[in-house]
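All remarks here apply to the structure that follows.
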Amino acid sequence: MRRERQRMMSFEDKDKDDLDNSNSNNSSEMTDTAMMPPLKRLLITGSSDDLAQGSSGKKKMTMATRSPSSSPDLATNDSGTRVQPLPEYNFTKFCYRHNPDIQFSPTHTACYKQDLKRTQEINANIAKLPLQEQSDIHHIISKYSNSNDKIRKLILDGILSTSCFPQLSYISSLVTHMIKIDFISILPQELSLKILSYLDCQSLCNATRVCRKWQKLADDDRVWYHMCEQHIDRKCPNCGWGLPLLHMKRARIQQNSTGSSSNADIQTQTTRPWKVIYRERFKVESNWRKGHCRIQEFKGHMDGVLTLQFNYRLLFTGSYDSTIGIWDLFTGKLIRRLSGHSDGVKTLYFDDRKLITGSLDKTIRVWNYITGECISTYRGHSDSVLSVDSYQKVIVSGSADKTVKVWHVESRTCYTLRGHTEWVNCVKLHPKSFSCFSCSDDTTIRMWDIRTNSCLKVFRGHVGQVQKIIPLTIKDVENLATDNTSDGSSPQDDPTMTDGADESDTPSNEQETVLDENIPYPTHLLSCGLDNTIKLWDVKTGKCIRTQFGHVEGVWDIAADNFRIISGSHDGSIKVWDLQSGKCMHTFNGRRLQRETQHTQTQSLGDKVAPIACVCIGDSECFSGDEFGCVKMYKFDLND
């Protein structure tokens, strides 16, 4: 036994000499001895604690592990075994897999325990071998461990070249697990956050389930701020999702906080984590896509509802019964009814200060809707006022008298734009470009310059009366679906325009006008008509680039935001369309038309449904009004 111990000790000294020679010959190259983990260094030991008794009664050699030591000189452990000094713990002397700072970190404890268990299994298997084979294995491992990178690669090449398929398969199964690197945890935080910012929402949520370190990084506010910036009020080009602004809900929360909470509560409401903001909007968008909503009805008008608009707390409706209803969206109750028009209220517009209504009685009224007082009345149209729009001190109106009027409130002047040959059903201002759009029963759409009161373009393509138009500025034009063959035509000259009789009448210039590129005109125009279609137009060229079919009867009204189009039809249905693709996402059927008899019983008129006369859209809701006087709210924010 003494002879055996001396032989082993001389063998260990020889390994140390080989290591010293290797270090001196490769001083410019970092040795892999320093790359070995202190806890996984394979040592040859002969102590009673590390040697096991075999069935033959002889001592067996084992692979032992030891704890880190900070002593710079050769030391002796409790069993008398000589050990080598350990390098400092840093990334310049350790690779990722053998770095103690990583091994002992909380996020890698489980991985370290698995490796330690694996080492113990190897020790146990070696201990079962004869003493000579144990010595040979330890010599091979020691030689490999003390070699530099170049020698290690040569040894591996030789081993792999002499290995058969069973051994190669075994190596492959081990390496697949061992080469995995948790780069997120070891990189600087800024780089880790940058990498995570490229993930989509689903992948980012999955990342929080990996470990605590990943959860902390994936939940960082900076990552979710980037997600919100990519998706809110725009469509992400990578995943195709866009999230609503929910500005009306935010205004509603601030309004409630101002009335019932302290400044600290308001501050709490306005400083929510970006992940919470994203989650809230993601749920709303998901409900829009799946068609999940809660329906609420507003009943109070005695006749059909012709127009409606809303803000974060109030709903305004105009009806054939010549009244304007103001509803509380929280309670669903009618809080005020404005009377003054002598005929049906066909159109309305409101802002924070005033309410403007147009009626079949040929007048336009301006109201203080808070007090219910009529501030002023505008008379000038010779037939029913069908549409009004306003911006600051300018009001535009369209009428059944075939004209568009521009009212300048401050200068108290009115200009009449002539060109349509039938009723003007809708007018829309675009303040940034000082332009106005109008559509008519003559199947045309006209674009006007309200500074010069001249007609810039005429859009032709509908084969039925055009009922509604919406100017749009679409940024993501590349992903906008268009028809390969458009039946629309370029703007054409119209010889039917005549001068007005009064001095303020302004004849339109029908000569085709090239739009000034320096003026921010809307990029597209959306329209609907009684030809059962919805059309999308390119404002610059004046051509129809897409036609959407789906309704079986005329489309009376449309509304749109950055993601969706809502349409209401005479067939009694409300359809939700994707703005970019033009595909119909959902169809909501209107209520069946019923009338009460004198005995308070309801009599159904067969399968007939109430035609939808008007619609409007918000971030998390849309509204419809039908010809039986019922208003419906489709609420997609189910948490409210």
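Backbone N, Cα and C atoms are what each Cβ position is placed from, and that goes for glycine too.
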Labelled phosphoserine in Swiss-Prot - which residue from Ser67, Ser490 would that be?
Ser67
Non-local residues, at least 6 beyond the ends, that sit with Cβ under 8 Å of the repeat 'WD 2' (340-368):
303, 306-309, 311, 316, 318-324, 374-379, 381-390, 395, 397, 399, 407
By DSSP, how many residues in the repeat 'WD 1' (300-328) are helix, how many strand, and how many coil?
0 helix, 18 strand, 11 coil
